[in-house]
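A short worksheet on the structure shown next.
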Amino acid sequence: MADRLVRATAAGGGIRIVAVTTGETTRYAQSRHGLSYLTTVMLGRAMSAGLLLASSMKVSHGRVNLRLGSDGPIRGLSVDAGRDGRVRGYVGNPGLELDPVRTANGQAGFDFTSAAGTGYLHVVRDEGKGEPFSSTVELVSGCIGDDVASYLLHSEQTPSAVFVGETINSDGLQSSGGLLVQVLPKAAEEPALVALLEERCREIQDFSDQLNRCGDHPEQLIQQVFPDLDPQPIPSGEPMQPVEFHCPCSRERSLGALTLLGSEELNDMLENDRGAELTCHFCSEVYKVNEDELAALIKSLA
């Protein structure tokens, strides 16, 4: 089933909840970039988190960019997510694999902390008007969810819980997705409600398991986690938003990027390489430019 995102409020509008499934999206990214299991999971989590952040943007063309800059062997990670449900992303070292570590429940898990190393999470929110808003926070764990929650608390002053997860077996990635829970000003003034919400979030011991049990139904995930808070989709009756991996790169854009190199550099490429080859970082699409096309491009710059 196709990936989807659903928005809801709970507790009479005092709590905002967003759930997203990204299984198909993550599997597509894995095939495009040739990702290992570790980098598949890290990119899947980052794409889920990016979509959760973009879900609150006021305009349909608004976008959020997440960039992990660190000294870890993953060599960086970048995600571009839109309010429209379209997302793309890549990692610097797609084939990275590390030995598993023991998680809190005693099971073997991915070593996100070693993969990410120490560094920062950079977030840019672009509403399509004026200057984009950017913020940087130190990485908390490299697990993505904790890092994004830290960003929301320190940069947007919004108490939030962010859960991202996945399930993998011998057949590959089975599920991927995320859940965002935010306390709105109305609820912040009700200590009992805040305490109940915190209790529900603490009860989420294994988000990946809950995600897998809900399959491709994000609305069931919300009902399962918060049954006593009366979650309601917003706006009522709105179909869930489709989510997909989408990159707007094109041959025309690639040719435009080549012109930025200038005629001298292009002439050198024509003489020595007899053409040019460009690869999109976000989707690994390769664009080849032959001699005639490169010569015409140089002529257009004269």
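Including glycine, each Cβ sits where the backbone N, Cα and C put it.
For CYS247 (disulfide bond), the same-chain residues 6+ apart in sequence whose C-beta sits under 8 angstroms from its C-beta are ARG88, CYS280, PHE282, CYS283, GLU285. For the recorded site, CYS247 (disulfide bond), the DSSP three-state label reads coil. The annotation disulfide bond is assigned in Swiss-Prot to CYS247-CYS249 (among others) on the grounds of sequence analysis.
Among the features that Swiss-Prot reports, disulfide bond is placed at CYS280-CYS283 (among others), with the record citing sequence analysis.
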Kindly assign CYS283 (disulfide bond) to one of the three DSSP-derived states: helix, strand or coil.
coil
Around CYS249 (disulfide bond), how many other CB atoms lie within 10 A of its CB?
17
